[in-house]
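To start, the structure itself, in structure tokens.
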Amino acid sequence: ASDGIMVARGDLGVEIPVEEVIFAQKMMIEKCNRARKVVITATQMLDSMIKNPRPTRAEAGDVANAIMDGTDAVMLSGESAKGKYPIEAVTIMAQICARTDDVVKPELGSRLDSPRLRITEAVCKGAVDTAEKLNAPLIIVATEAGKSARSVRKYFPTARILAVTTNTKTAAQLCLSKGVTPVVVDSIESTDAFYLRGKELALETGLGAKGDIVVMVSGALVASGTTNTASVHVL
């Protein structure tokens, strides 16, 4: 199985009718969200910026729609590789991403659920629900292989996700997951040590401020790799 997919709309447009591409894109993004896999949407996102300093309104809407569909990342190609305005293209895409993220709602219904939730997903969904109800700005996750962090991300929390891991490869992979900030630590010896270090990292990274409510999810501390604990703390 792959770790994720890239929705390359240019290639899709060659293989399937052009009017089907948007539906294929939405279907693939939803399946990746459901399976907790990374999904990147790419090709011709701001294509007119190869020659022009501003995108068309349709292109801006295309980027925003991919984000609202649930993509983890959007990618430029010719715009930054050979275009006249690479810096402007990256800047405008980042602005569209930031603005759209503000309006994406948490996905706490059953659309992305399996018929029977795994323990990890059930706990992580509960953590997102708790964070929303408490207006917590941050969810801190202990994760070894990244599964717990991706399970939290699956439900589109408003809160940022701080993924604490001892695995540098996991941290690198989580850089592609939407809303996740990975931090590598030397060790996580116990649940109490995770709570203490996680809160310190929240303050050090600037993702949390003194007095903030945070939800902490312990995934890496269970031998089976299953997340089974979510708790509420104050920084």
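Cβ atoms here come from the backbone N, Cα and C positions, even for glycine.
Feature list (source: Swiss-Prot):
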BINDING   G10, D11, T43  substrate binding site
BINDING   D11  Mg(2+) binding site
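The residues near the substrate site, meaning same-chain residues not in G10, D11, T43 whose C-beta sits within 8 angstroms of the mean position of the site's C-beta atoms, are A8, R9, L12, G13, V14, A42, Q44, in sequence order. All chains included, 18 other C-beta atoms sit within 10 angstroms of the C-beta of T43 (substrate binding site).
Around D11 (substrate binding site), the same-chain residues six or more apart in sequence whose CB sits under 8 Å from its CB are T43, listed in sequence order.
Maximum C-alpha to C-alpha distance over the listed substrate-binding residues G10, D11, T43 is 8 Å.
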